[in-house]
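Notes to accompany the following structure.
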């Protein structure tokens, strides 16, 4: 009986093993369940904690570096601002000093110009006085040579014609310079009032461009001594004056001159032409005024 029971139990075990082999191995547990079980969960938590700690340390280090750089930038900006303010203040001070120096120099320059103007006026008076003295002396010499007979006379190197005295240049000047030269001689640029005077002047100037005392720089044509132009003598070339602008020297033609044939033409006042000065005979021989 016992042996039979043992055989049945052995057979039952074999059938049980055979049944398990037919069913296969037991199903495996999910990955998350295995990770969250026991020691594995502890290790995972520890790893995440370490990773978080590393991230916090890195961020803290970077934040510290950024704050350090920000402090450096603030300090640099503060120094730059202070330096700029100091430079601006220095430039402002220098500008004030330069302005004061410029005002001082302007005052000195104005004073020097005033002194030069006064000296120039005084020099012109002395020159005119010298010219008058020279004319008076020449007339006195002429009177002595004429056995004491008193008569009006022209200065030395001046030519007498019809109660006027004429001086003919041998060099060239611009019209304004020639006009000033005649004024210093207590005379004026020649004013032609008749055909006889035209022929006289033309005879002495020859075929050379020569300035006369006629211009239209301020509007209408006029003579420098106030002689009426509209009703007076004229000897213009055909189609003159034309106030031509094509010469390339700027402006028109505002000053009159004798041409090579004696007739008149208007031209640029800056051209260096010869000129003729004229003064009245009685004026040339009068006694100089006392200063």
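In case you wondered, yes, glycine gets a Cβ from its N, Cα and C as well.
Among the ranges 20-40, 41-61, the one that Swiss-Prot lists as transmembrane segment is 41-61.
In Swiss-Prot, the Ca(2+) 3 site is described by 240, 242, 265, 266, and among 253, 278 the residue recorded at this site is 253.
The Ca(2+) 2 site in Swiss-Prot is built from 216, 253, 254 plus one of 225, 243, 260, 261, namely 243.
Among the ranges 5-8, 65-68, the one that Swiss-Prot lists as motif 'Endocytosis signal' is 5-8.
Across the fold, the C-alpha of residue 255 (disulfide bond) and the C-alpha of residue 182 (disulfide bond) stand 16 Å from each other.
Across the motif 'Endocytosis signal' (5-8), the model assigns an average pLDDT of 53.
With the fewest other C-beta atoms within 10 Å around its C-beta, 277 stands out among the disulfide-bonded residues 255, 277.
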